[in-house]
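What follows is a short report on a single structure.
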Amino acid sequence: MAALYNSSLFSLVFLLLIATAVAEIRSTQIRSDSRSTIPFDEFGYTHFGRLNLTVTDISFSNPKSGPEPVLSELGFFLVTREAWQHILEQLQDGDIRCTLQSDLVKRVFTFDQLQPSARQFTTSFSISDANQFTLVFANCMPNLVISMNVHSVMYNFNPRSGQLDFLSAGKTALPAIYYLFFVVYVLMGAFWVFALYKKRLSVYGIHFFMLAVVILKALNLLCEAEDKSYIKKTGTAHGWDVLFYIFSFLKGITLFTLIVLIGTGWSFLKPYLQDKEKKVLMIVIPLQVVANLAQVVIDETGPFGENSYTWKQVFLLVDIVCCCAVLFPIVWSIKNLREAAKTDGKAAVNLMKLTLFRQYYVIVICYIYFTRVVVYALETITSYRYQWTSVVAAEAATLAFYAFTGYNFRPKAHNPYFAIDDEEEEVASEALKLEDEFEL
C-alpha cells in the first residue's frame, strides 16, 4: 500500500510548500510519470469559486505488461489540507484502496468519463463551500505511466461587481497593500532627500546609498502591486513579474550590502573596506543571485512544480547564510571599537559608536528573526482567508528596520562622533571601566 500511494512523501511536500502557493492560470506538462498522486495547484475559494480544467495529449502505458488500466481509478480531485490527513488514515486502515474512493474529496473528473479513443477533455467545476483546495491527480494503478498537458484556471466570482478574481481568497487584498506600502516608501524617500539637502554639509556617501535602497524598495513594491493586480484581474502577470524579479534582486543585493557597509563603519568611521569585509560582499552578492533564481523557479513552476521542493530548500539555506554573513562585519566593528576605546584616548567617541553598533546588531538580529521565522510561522498557521496578514507583518517589519537605520545613521550638523567635551570624555572613560564584556 505504501508503494502504491507514496502518501507520506506527498504529505510532507504538501505541508512544506503550501505556504508559497500563488494561484493563477497555470499550465503543466506531465511526462512519463508514475506517481500515485500528482499535486498541481492550490487556491482559496469563496462560496462562488470555480475551476476550469483542460487536459490534452493524454497517454498512458504499463511498461511491466500489467493489467489493463481501470479508468475509474485515474482522475482529478480537489482536497483540503485537513481532509488529506483523514484520507491518509483511510488508506492506512484499508477503508479505501484509491483516493478517488474517499468521500472527503471532490471528484472533478475521472478518466472513465472520457469519450472512446479521446485523448483530451475540458471540464468546469463549481465550488460552493468556501475553503482552500488543492488540485490533485490520482493514479491508483501500480506501475502505470501517464503523460498529459494540464491547463488549470482557478478563480472566484464576485457577485457584487460581477468580476472574476484570480487571486486566492486570502490574497485578494495584496494589490492594495503593496500600493499602500509603495506610497509610504515614496514619502520616506522624499523625506530622506529633504534631510540630505538640509544637512548637506554633513552628508556621507552611505546616505546616498540609503536613498538608493529606499528607491529600489519602492519600485519593487510597485512592480509587485502591478503583478498581483494583473493576476487578480486576468490570471496572468503580463510581464510585471519580470520587472518584479529584477527589482527584487536589486533590492536584496543593495539591502544586504547596506547592512555590511554600515556594519563595517564605511563612510562613518573609515572610507575603505578591509579584505575580509570585501570577502563578505563577494559571498553575499552571488548568494543573492542564487536566492533570486530559486524564487523565480518556485513562483513560475508553482508550489508543486518539478524540483520546487529542492529549490525551496536552496532558497531557505541561501537566505540564512546571507543573513548570518552580514552579521560578521558588525561583530568585527564592535570588537575593534571596544579595543580602540581602551587605547586611543577617545573613550567617549568610541563608546558612543560602540553603543550605536550594538543597538544596530540587535536590531538586525530581530529583523532577520522576525522576517524569516515569525512571518513564515504566521503564514503557515494563519487561516487561508487571512494570508495577507503575513505580508503586512513582513512589510511593516521591513519598514520599521529602514526607519530605524535611517534615524540612527542620519546626517547631523553636529556629529556626536566628533563633538565631545571633556566632561563627556571622563564619564565615558569611567563607563568603559565598569562595563562588562559584550556578549555576541
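The chain as shown is numbered from 1 upward.
Glycine is no exception: its Cβ is also placed from the backbone N, Cα and C atoms.
TrEMBL does not curate its annotations; it predicts them automatically.
Here's what TrEMBL has on this protein:
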type     : residues : note
DOMAIN   : 27-156   : domain 'CAND6/7 N-terminal'
DOMAIN   : 175-415  : domain 'GOST seven transmembrane'
SIGNAL   : 1-23     : signal peptide
TRANSMEM : 176-197  : transmembrane segment
TRANSMEM : 204-222  : transmembrane segment
TRANSMEM : 242-268  : transmembrane segment
TRANSMEM : 280-298  : transmembrane segment
TRANSMEM : 310-332  : transmembrane segment
TRANSMEM : 360-378  : transmembrane segment
TRANSMEM : 384-404  : transmembrane segment
Tertiary contacts of the transmembrane segment (310-332) (same chain, 6+ residues out, Cβ under 8 Å): 16-17, 20, 256, 259-260, 262-264, 276-277, 280, 283-284, 287-288, 290-291, 294-295, 297-298, 357, 360-361, 364-365, 368, 372, 440
Distant-in-sequence neighbours of the transmembrane segment (384-404), which means Cβ under 8 A and at least six residues beyond its ends: 44, 130-132, 168-174, 177-178, 181, 184-185, 188, 213-214, 217, 221, 363-364, 367, 370-371, 374-376, 378
Secondary structure tally of the domain 'CAND6/7 N-terminal' (27-156) (DSSP, helix then strand then coil): 22 helix, 68 strand, 40 coil
